[in-house]
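What Swiss-Prot lists as transmembrane segment is 1-21, 26-46, 60-80, 96-116, 122-142, 151-171, 178-198, 199-219, 242-262, 274-294, 320-340.
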Amino acid sequence: MSPYISPLFSITMIMSVMLISSSGHWVFMWLGLELGTLAFIPILVWWHSSLEVEATVKYFIVQAMAAAVFFLGGMVSLSGDFMGGVNQLMGNIGDMMIMLAVVTKLGLAPFHYWVVDVVQGLNYIPGAVLLTWQKVPGLAVLTQLATCNNSSMLLLFGMVSALVGGLGGLGQTQMRKLLAFSSISHLGWLVVGCVAGSLLGLSYFTLYVILSIPLFSILHMLNGGHLNQLRTGLMFNPLMSVLLGVGFLSLGGLPPFFGFFGKWLLLTHFVGQLLLGVSVVLITGTLISLFYYLRVSYLCIVVLGPQQIMSGLNWRKMQLSGLMSGLLVLNMLGLFLVGGASCLPK
């Protein structure tokens, strides 16, 4: 692929988000979603492997079906304006169809099955884009839908996704599938954050991107598709093992790591709104998902001790690069951020 084509697709994906965010009509939302999808498909097959082609076809089929439901829901809602007494009913049906279409595009439970299969067939780089940036257009639409009468349904989707993401990753040894279920769990928190307020949702999404992109980059460099392959690669990269282990603990939201701060923000909001049931379900899903985060971190930090390192370098005398040092310090800032936010005036 020409080096000039990739920036074109990236700019198109950014423009799709701007189109959705600046418009309040379902037609422009639909156009923005499809513009981002079509621009992302060439990035999926960047390395031209058969697995990537298969994953791209699955992704296209799901997105096309969801787009058709979205457009049909918009037409149903529009037809209600010309049908007198059933206006409200048709409008509600149309809004529900639009919401279900966006939920399917995002991969929220129970419409999450395609996410795991697609991510498993992708390289880590397009997989990272799929699980981070490609969520932005759908979340922008859901943020606008949350102002309607669909907030309770979105809360339900978010809670179910948090639980499914935790339970689905328990028996996984494939790193891509594990990251896919992790994304589903975090997506549940993101949707709940969008219902709570766009600023809370944006804050949580920013934290998730900051934490997940370095993990995808390290796994891409190590080319670790399986836990056993990851262990072999980490035996020659002791500093990577520390960074990866701490990164997974932070992604799981374990205090005092950076990922704990995002979950704390949402939980304090819902406890303040007396939505204790939502808080309990989200915490339960996080505690379940912490099991596989701890398993990977245990493999990286504890199992691969200094005596097992085969890099030929001294474990204790090796120096961290500036990037690694920054990421390690950032991951340890969770409790400091919580303490600072607690001191702010209410």
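From the backbone N, Cα and C atoms, a Cβ is placed for every residue, glycine too.
It should be emphasised that the depicted structure is a prediction, and the values quoted were computed from it without experimental measurement.
Between the transmembrane segment (122-142) and the transmembrane segment (199-219), three or more CB pairs separated by 6 or more residues in sequence fall under 8 Å, so the two stretches touch.
Contact check: the transmembrane segment (274-294) against the transmembrane segment (199-219) gives fewer than three Cβ pairs closer than 8 Å, residues 6 or more apart, which falls short of the contact criterion.
Through the fold, the transmembrane segment (96-116) approaches residues 26, 33, 37, 58-59, 62-63, 65-67, 69-70, 72-74, 76-77, 135, 138-139, 141-142, 145, 150, 153-154, 157-158, 160-161, 163-165, 168, 177, 180-181, 183-184, 187-188, 191 of its own chain, all at least 6 residues removed from its boundaries and within a Cβ separation under 8 Å.
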